[in-house]
Amino acid sequence: MATLLNNASAPYFFLILSLTTIILSFSPSHSSDPDPLQDFCVADLNSAILVNGFPCKPASKVNSKDFISYVLAKEGNTSNVFKSAITNANVQAFPGLNTLGISMNRVDLAPGGIFPPHSHPRSTEAGVVIIGEVLVGFVSSSNVLYSNVVKAGDMFVIPRGLVHFILNKGHGKALTISAFNSQGQVSSVVPNILFGSKPTIPNEVLTKTFQVSESVIKSIKSKFAS
């Protein structure tokens with residue numbers, strides 16, 4: 001099993017990521033989730049009740065293991081067209097986060113890998129590069145691109161809801177870890193939405209949008225069929 005980080009990158013991880021987590025956890029003005037009404041509310045993922053979040057497990061069934069997760073410890077599988085893997089530590093993967101207004105993710109990038117343009121509609125992202133060198137960029141609502149090459153130990157921030165990307169610019173693997181001010185952060189990946197939705201967006205809409213032939217749209221959709 002691959003480990004999260006090596007000895008050289010450990011100081012960056014514990015110093016910078018701890019500060020990121022503290023800032024997001026204790027700044028109510030930056031939280032996109034409602035404030036909790038109790039000390040904790042470990043999610044009952046099997047409940048038939050649907051609410052904005054998850055119901056709490058009975059306190060009598062909560063134990064210390066509900067407040068620890070190993071989901072980010074394993075390297076993701078980058079054997080795909082984008083050469084990247086995203087591992088989410090949100091409430092669905094770590095029920096102890098329920099009502100706490102914070103979550104994290106791990107992005108693994110093989111050489112040449114990309115986390116393609118995407119957005120996080122529910123949260124701002126504050127990340128740190130653990131291994132490698134990546135190009136991080138986002139586009140503002142004024143259609144302006146802001147981008148930087150970010151190296152191990154450096155932080156980056158992505159404002160809530162803006163389309164952004166992460167591209168591995170190094171010769172080896174790259175790894176980033178990010179914190180989000182929402183327990184239920186999700187990634188809306190632009191190419192997956194446009195060409196892989198179910199049911200699919202009508203070809204006529206996409207041909208008129210991108211000003212290309214229907215054969216081009218069909219060819220792109222075929223890559224996202226699975």
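Each residue, glycine too, has its Cβ placed from N, Cα and C.
All annotation found in TrEMBL is predicted automatically rather than curated by experts.
Here TrEMBL flags 1-25 as signal peptide.
Spatially close to C41 (disulfide bond) yet at least six residues away along the chain are F54, C56, N98, T99, judged by Cβ distances under 8 angstroms. If you look up TrEMBL, you'll see C41-C56 marked as disulfide bond.
Summarising the annotation, TrEMBL assigns domain 'Cupin type-1' to 70-218. Residues in the domain 'Cupin type-1' (70-218) partition by DSSP class (helix H, G, I; strand E, B; coil) as 23 helix, 58 strand, 68 coil.
Taking Cβ-Cβ distances under 8 Å and a sequence gap of 6 or more within the same chain, the neighbours of E125 (oxalate binding site) are V157, I158, H164, S178, A179, F180, Q185. Residues or ranges marked as oxalate binding site in TrEMBL: N105, H120, E125.
According to TrEMBL, the Mn(2+) binding site annotation covers H118, H120, E125, H164. H164 (Mn(2+) binding site) counts 22 other C-beta atoms within 10 Å of its own C-beta, drawing on all protein chains shown.
Looking only at the binding-site residues H118, H120, the densest Cβ neighbourhood within 10 Å occurs at H120. Surrounding the centroid of the Cβ atoms of N105, H120, E125, where the record places oxalate, the chain contributes additional residues within 8 Å, namely S123, G127, I158, S178, F180, Q185, S187.
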